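Beneath this line is the structure, given in structure tokens, with notes to follow.
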Amino acid sequence: MPNILKNRDTTGAFALIDSLVRHGVKHIFGYPGGAILPIYDELYAWEKEGFIEHILVRHEQGAAHASDGYARSTGNVGVCFATSGPGATNLVTGIATAHMDSVPMVIITGQVGRSFIGTDAFQEVDIFGITLPIVKHSYVVRETKEMGKIVAESFFIAKYGRPGPVLIDIPKDVGLEKFDYQIVNPNNINLAGCPVLKNYDQNRISQAANLIKQSSQPLLYIGGGAVTSNSHNEINELINLVKIPVATTLMGKGIIDESHPLSLGMLGMHGTVYANYAVSECDLLIALGARFDDRVTGKLDEFACHAQVIHVDIDPAEIGKNRTPQIGIVGEIKDFVRDLIECLKNDINFDSEQSQAWRSRIIRWRKEYPLLVPKNINNLSPQEVIHEISTEATNAYFTTDVGQHQMWAAQFIKTSQKRWITSAGLGTMGYGLPAAIGVQIAHPNEQVICISGDASFQMNIQELGTVSQYGLPIKIFIINNKWQGMVRQWQQAFYGERYSHSNMEKGAPNFTKVAEAFGLRSLKIKSRNDLKLRIKEALDYDGPILVDIQVIADENCYPMVAPGKSNAQMMGINS
């Protein structure tokens, strides 16, 4: 350790930063303030010595989303800082986003001094209580000597089993207090009460294999848990062995190469026709790391209603929560799939050709109901734009905001595991840009693309300042239809075309000038003649760039499963 750090007082703040470094933390996203200043003062010395880097965002919500994007793209724990009061409450949406999508994060907030807690002191907020429903665990550090242990436990909890966010609230005087700091080994954490992560044996594997052998119309249903488990290789081996079609959720996107003949793309509300038909007609549904949420299932009692279900998840609370399976497996998806493959390989009675007629039927659906890229004579369609971006950008990381553009991106962008970063469960507008910042910090030599809408982008537009300050070469594409597009679509379809406060044209900023005000390069695309050339120009540019793309205002995102309808009852398709 350099002398500048050896000679520092071992305060609570020192213990915190030292513990973070020992846990391999390289980057922190945050915004300083009064209650957390002792920690920022300590951070100053550690940054100066190159141990760690802090990324200054322009709003605490941006810090939460950036650490979220960092975590999703690396598989490591994302870390963010904020001060007490409004600084802490500004994190709440980002914490909830991570909680809904099972993202490992450690959130560190400043708090008023211990003697002031409960007195309504300046910038005092009970962030511990506020966030209880949206974290895996929370701590208030009341004893400075507990700092190292609390940090170690927080990292363990954030990653153990089903990942999620953990909050550490640190009173100001704890950060300042000197004490005899005892280093806690990050590898020596063993918390009592942690649930067993496996409930199956070889007999359960054999039962699952028997269901596969009996099935003539099987389907794999892959969720975000499969991505988190790093089971890409095992799942692809299973797909090729069984010759089983696979549909993914929004979070499961990337687990299989979407050009694979057995890939059906996304299922659910805006899924492909053939994925939704397949789940409606299958006789066996194997759900891996998926939670049967409403946006996937449509009318729940008609979801995979002809199928027996095998449900595998690391979280026992998910098994049977929305759909009772014939076989419920709690365990690591990677381990289960590996065991299942071994069982099937050793079974001389297993024949993948028994589902040949089923695969042929799906091929016919694909030909009959392809995803279409409409080309309007006078104006650009959003689908055309996103398809062109996907065609030009190879092996990029993609982040999105939330709305129509998110669904079109999910339909048309072909990407791989952990290169698709989006807010799925909470559906957080304003997520895309700060998440892209986190991804770019984590992968400085990779191309990072943020696809946003004109409404979503304005939610966290201030983070252009962070992009500018750190020279992050993010490519930002705004699909600009001058509407809250998904809201308008629902108002058109279900609310008698009463467009209550969903039009964004009046007061809309000139995005290219806003970008330029932050010192960033910008482009505007209005016609098809410019589309391919300008997109390539943006992607080839070696710095940050914002591209404002004017698209058809009233284009709707189809297919669409209306609320209360089954997945087989889709709007916007030719029947």
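Using the three backbone atoms N, Cα and C, a Cβ is placed for every residue, glycine included.
If you look up Swiss-Prot, you'll see Glu60 marked as thiamine diphosphate binding site. For Arg162, 270-291, 313-332, the entry in Swiss-Prot reads FAD binding site. Annotation source Swiss-Prot lists region 'Thiamine pyrophosphate binding' at 404-483. Positions annotated as Mg(2+) binding site by Swiss-Prot, on the basis of similarity to another entry: Asp454, Asn481.
Taking the features listed in Swiss-Prot, we show where each one sits on the structure.
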residue: Glu60; record: thiamine diphosphate binding site; CB count, 10 Å: 27
residue: Arg162; record: FAD binding site; CB count, 10 Å: 19
residue: Ala275; record: FAD binding site; CB count, 10 Å: 26
residue: Glu281; record: FAD binding site; CB count, 10 Å: 18
residue: Ala287; record: FAD binding site; CB count, 10 Å: 28
residue: Ile314; record: FAD binding site; CB count, 10 Å: 23
residue: Gly320; record: FAD binding site; CB count, 10 Å: 13
residue: Glu332; record: FAD binding site; CB count, 10 Å: 19
residue: Asp454; record: Mg(2+) binding site; CB count, 10 Å: 26
residue: Asn481; record: Mg(2+) binding site; CB count, 10 Å: 25
Which same-chain residues, if any, lie at least 6 apart from Gln326 (FAD binding site) yet have Cβ under 8 Å of it: Leu211, Gln308, Val309, Ile310
Spatially closest candidate among Glu60, Asp454, Asn481, the listed binding-site residues, to Glu332 (FAD binding site) (Cα to Cα): Glu60
Rounded Cα-Cα span from Ile314 (FAD binding site) to Glu60 (thiamine diphosphate binding site), Å: 31
Glu60 (thiamine diphosphate binding site): secondary structure state under DSSP, collapsed to three categories: helix
Secondary structure at Glu281 (FAD binding site), reduced by DSSP to three states: helix
Asn481 (Mg(2+) binding site) versus Ala275 (FAD binding site) - Cα distance in angstrom: 28
C-alpha spacing of Asp454 (Mg(2+) binding site) relative to Glu281 (FAD binding site), in angstrom: 38
Composition by DSSP (helix, strand, coil) of residues within the region 'Thiamine pyrophosphate binding' (404-483): 34 helix, 15 strand, 31 coil
